[in-house]
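These come from TrEMBL:
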DOMAIN    463-580  domain 'RCK N-terminal'
DOMAIN    630-715  domain 'RCK C-terminal'
TRANSMEM  59-77  transmembrane segment
TRANSMEM  108-127  transmembrane segment
TRANSMEM  139-161  transmembrane segment
TRANSMEM  167-188  transmembrane segment
TRANSMEM  200-222  transmembrane segment
TRANSMEM  234-252  transmembrane segment
TRANSMEM  272-305  transmembrane segment
TRANSMEM  325-344  transmembrane segment
TRANSMEM  351-372  transmembrane segment
TRANSMEM  378-401  transmembrane segment
TRANSMEM  413-432  transmembrane segment
């Protein structure tokens, strides 16, 4: 039954109320026939004071949050800070512990939870089961090592500071987790999900989220001081439920979801399809929550299910706007938890905890990545990415507080330092690539690596070869092209597994970072004919150019850059030629569009030349172009056109062959095809085939030459056009 004060009743009935009702609502109400109790309640809601749609709960607070978030983010963007930092600051200002613009955070917290679900859902859409298996294969052991070491180190320190064993274990749980939302958002914005450190971080975050369930189950056991057997049984039961859920997801993703979405898509409605996608996301999250797992993990599994179908890309495009909106609210809600009074009252303790979050977790995560044989630079960037407080840390801290495992004072200090680490994460993620930490980590990397670096290195004695540095598809394409052309080359690969695989195939591979002069020397750069750098990290590529120039001042260095703006800095460091993804992608799209429209190749080349000429001078100079002799010819070729000429009844050409007409000499065109009765005459018989009325002759030549050819065919007149 509806309550007579239910706000949704007022809103629903108001939409159907004619304007005249505002003049005499009670009179109109009496003229209606008697109906059910629900109708009476609805009418009473209309007559009640404030029955019009004057107020939506929390709408004013949401509007304030949105406006403040935009304002602060734009201001911080002027300081080159990422949007996430602005949203966190906006939340701190708007929250009850800041300017108190938002008195109640319940509605915003609910929307924030949806934001995290959408974020993990979209990540799942980009990570199919095959990609997830590859990521976990690379990072599973490292992720387990990171969680285990963090818990162990935190436990020892907490016990040394006088905390009991239960609180020390809980502190370890909280410290072991990192912010999935903030870190994945940063990796996505920087397009680093597929980078080496990105793969490690994603794998570690997934494992951390899976660990949350047994951690939450262990906290009540810690509160009771129960036996270890109780905790073991609880964890085992949680793992069984998680395993059953994952197995069910695999089965559903391969059988039910594709058929259901195909049935929905048959409706032809974009709205219905989007609703089905949202239903899949929210429904799977709800089911996982019933199994004791997190909502975010359920949304992630839903995304992976959808990624296995033919509708994954379409769903991702539809969900992205919703994801960005709700995730922004999530970051604002995190900022609202920040209590500046706690920081001011205990600045030293907060600073030490913050140092533990950032430095301690960075060291442990970097060590775990090095043990997994990740390159020093990738390990450093992975450590920075995981050096923060996690969203589920709030959950564990609250559970521990409710169970009296930790004191309220300790909880406030922990959350204060944790939120500060979240503030710093976007800033540190932006600064980390510019710090050459791999030099300091190189000795530790060699010490921890089970297989020594020299086992993978080859020191070629050849000269005139090409050195290709990179571990992605771009480097592989360059190396394959050189091999097919018979050009000697050496690949510098920072991915250990990829390097071993290539070496097993008999390829010349140096395992290491191209920023190292030692690695470049082992690749024989001093005697090479060229160096090709196709890395994904702009800062590392720049340092590689500097290192290469120090070893080989005269060797040409060709560099791939993501954006045009990176080119000037790379050339200042010594790059000979910079190829910009931004330019080359646009040019290639233009070429493919024109080819689809069957524009002649010579015209396409001319248009591409014009497109490059419209770039700023330095961009055009750095852009890859056709050889100059080809471009010179294309300027003349652009005057040529493909055209068709029909043979009319009684024309001079009727009954004559092209040889008889001497068309090329007399007009300047070249005939290359003849269409007759819907078919094409064999090209070998074209010159000796007598022309009939209705035939269509295809020719190529300048506009003047084509016009002259038409005169020859029609009247037999000599054309004055010169042959090109």
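Residue 1 is the first one shown; counting continues down the chain.
Placement of Cβ uses the backbone N, Cα and C atoms for every residue, glycine included.
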According to DSSP, how is the domain 'RCK C-terminal' (630-715) divided among helix, strand and coil residues?
-> 33 helix, 23 strand, 30 coil
On average, residues of the domain 'RCK N-terminal' (463-580) score a pLDDT of 83
Range from 108-127, 139-161, 272-305, 351-372 with the greatest count of C-beta pairs under 8 A to the transmembrane segment (378-401) = 351-372
Using Cβ atoms only, state whether the transmembrane segment (272-305) and the transmembrane segment (351-372) have three or more pairs under 8 Å that are 6 or more apart in sequence.
-> no
Sequence-remote partners of the transmembrane segment (139-161) [C-beta within less than 8 Å, at least six residues beyond its ends] = 167-169, 171-173, 175-176, 199-208, 211, 356, 360-361, 364-365, 367-369, 371-372, 374, 386
Out of 59-77, 167-188, 325-344, 351-372, 413-432, which stretch touches the transmembrane segment (108-127) the most, going by CB pairs under 8 Å?
-> 325-344
List, by number or range, the same-chain residues at least 6 past the transmembrane segment (413-432) whose CB is under 8 A from its CB atoms?
-> 80-82, 84-85, 88-89, 171, 174, 179, 182-183, 186, 190, 334-335, 337-339, 342-343, 346, 349-350, 353-354, 356-358, 380-381, 384-385, 387-389, 393-394, 397, 406
Using DSSP, how many residues of the domain 'RCK N-terminal' (463-580) fall into helix, strand and coil, respectively?
-> 54 helix, 25 strand, 39 coil
